[in-house]
C-alpha cells in the first residue's frame, strides 16, 4: 500500500495551481490561501494514489490530467449558499418587479426568463421558482422559465437531484416546505424537491469566464450573487458586461451584498442595494 507523504504544498506548486485556477475560473488564490488549497486537495492525492503535491501538479498539468483539472477547480470553488439568501432581493421581486412586469403591454403573452448564474447546489434557483409559483397562486399568472448554471459539474448534479438535509431547508417557510418538498420515509433528515418545483428549473454547467454564453436568448432577471467577490476587478467588469449582453431591455441584475459596480464601466443603473437595471 502506498504511503502518502504529509509534506506541505510548496510555493512553486501552489503558484502553478493558483495560476491555472485563475485562468480557468477567475478565482484569486493569494499565498494566505495555500493551507486551504493543501487541505482541499489532499483527498485528490489519496484518490489518485500520488505521494506528493509535486507529483499531483505534474499529473494535473500533464497530458493525462484533463479530467483531474476539472476536479481541481471544483475542489477549490466555494459553494456556500442557502434558500432565500439575502431576502431583500426576493422581496423586491415580489413587491416591485413582478407587479410592474405584469402591467406592461404584451407581457401577458410573454415568458419571464430568469437565470441563476453561479447557482451552486440549487438553493437560489429553487427559491426563485418557489417565489414565482407562489405569485401565480395569488396573482395574474406569469409564464416563466428558470435557468441555473455553475462551473462545477458536481454541484449541478446535486442541484438536479434536489436532495437536501433538513438543516439546509430551515430557512424556507414551513408552508412552502409542506407544499413543494417531499419527505423521505427512510431518512427523516432528508427532503427532496417536489416534481412541480423541479420541473420549473433547467440546470447546466457554464463558465462565466467564457467569451460567449450558450444559454438560449436573453433574460429579464439575472441573479449572480456572491460569485464576483472571488474575481479581480478587471474580471468582474468583463463578467458583468457579459451578463448585461444576456439581459433584455429593462432587464435586472442582482449581485451579492458585498459586491458593487462602483468604478466599473458597465451599462447599468443602480436601483437599490446590489440591484441594477440595464441602461436604455
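Cβ from N, Cα, C; glycine included.
S-adenosyl-L-methionine binds 81, 85, 124, 207, 208, 225, 226 as TrEMBL records it, and from the list 31, 58, 150, 269 the residue named for this site is 150. A helical conformation is recorded for residue 124 (S-adenosyl-L-methionine binding site) in the three-state DSSP classification. Sequence-distant contacts of residue 207 (S-adenosyl-L-methionine binding site), defined by Cβ-Cβ distance under 8 angstroms and a gap of at least six in the same chain, are 24, 25, 151.
Shown are the binding-site residues 85, 225; the one with the most C-beta atoms within 10 angstroms of its own C-beta is 225.
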